[in-house]
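> I have a structure here, written as structure tokens, and I will follow up with some questions on it.
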């Protein structure tokens, strides 16, 4: 099979990369009614599979789970989760032939096997759903022409999808119809009903394309969302310890610092995050972020280029075929780093202390968010898509580090995201070591003293922060998310 994106001509590639429309709430007036009375069969009962299924059932849809015979016979975790929540569970052969919509929510590396197994069982005119388009775009999976192929991609982990639904809200969502598979012209109606059933329409829905979702998703998770957090954690911890900071304190400052800092980002963008600093610290964080952007821009561009060309995907799929040798080696090496093995700090760090002593971390967040956004937009991805795949998801990923450091982040994210994270962080850490060696007192681990600042310089920096395109689009999109619960700030 050929990478689907690479079979398109340039005009088609640009059209699909640039497909992005914020949908009005009136477009979801019918809710999930298009799928009511139809049979929806979910394949896979992980975080997205279970939580989307719970939401869809609560929205009045007929939901069941198709699992492999071995998973049922051995009563594996997927079987237990589905049955304990009262869902009907059966084998592919038992459930797929009756399904009007088959939703594939298995891990990326399983998609080809799953799709090749279920396709012959699907009835004529049924629909196949994804929450990530890697199998269609990067693998180039060929789907029977009578089958409608749609995507509903919540921009949050599965647990968040469920929690926001229970509060009567939802999470921002991308929806798409594969242009090669919409034989009856009903793809958008199916996708809208599915998105409404998960609650996504209450937080904002972008009509996108499989191509735009995949390319922007890969870029975000490899760079700012995971790779930058991992590289930043390792670099900052080593720098603090090198300068005499207690390893336990250094570990907590970083582990909980990302979440505390990005909570401000979630509530008010880069502007609010920077406003949490004193004026001298803000000027220093801005200067550091500009240096970081200059150093890291070629690395961000290389990742985007490799994603667009398919180089990244072909390399990762080769590792799949080699039993994940690279992935597992990188995972093991990460687990042995000084940051991951440092002792726990039992004392309390106040909220403002994370900002005052984390100026470099704030600069890293600002630089990474802006670079990821700018690089995606320069590649033809629309600003709204770039925002969701950079700034919006960052607090959610930072929240995973609080639980069990980088180990937890890499467990929660997909194997695809984890592989890309390691590619980025393994390149970024050595790239930034000369920069780290030139840091000044107060950049990390110590607060910058209060002092006089130049009014004109402060005015210009504030204007530069607030006028960045990601701040403009972010203000609009956050207006749809004002009801989202506040992620608990670390204590």
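Note that Cβ sites are derived from N, Cα and C of the backbone, with glycine treated the same way.
As the structure is a computational prediction, the values presented were derived from the model and not from experiment.
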> Given that Swiss-Prot annotates 389, 393 as binding Mg(2+) 2, state which candidate in 217, 238, 246, 275 belongs to that site as well.
217
> Check Swiss-Prot for me: it has 45, 46, 47, 48, 76, 78, 108, 109, 110, 158 binding NADP(+), so pick out which one of 57, 68 it puts in that same site.
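Of the residues offered, the record points to 68.
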> Can you check which residue among the binding-site residues 45, 47 has the largest number of Cβ atoms within 10 Å of its own?
45
> List, in sequence order, the same-chain residues at least six positions removed whose CB sits under 8 Å from that of residue 132 (active site)?
108, 151, 153, 213, 214, 217, 414
> Hey, how far is residue 158 (NADP(+) binding site) from residue 389 (Mg(2+) 2 binding site), Cα to Cα, in Å?
16
> For residue 221 (Mg(2+) 1 binding site), which of the binding-site residues 47, 68, 78 has the nearest Cα in space?
47
> Measuring Cα to Cα, how many Å separate residue 389 (Mg(2+) 2 binding site) from residue 47 (NADP(+) binding site)?
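One finds 19 Å between the Cα atoms of these residues.
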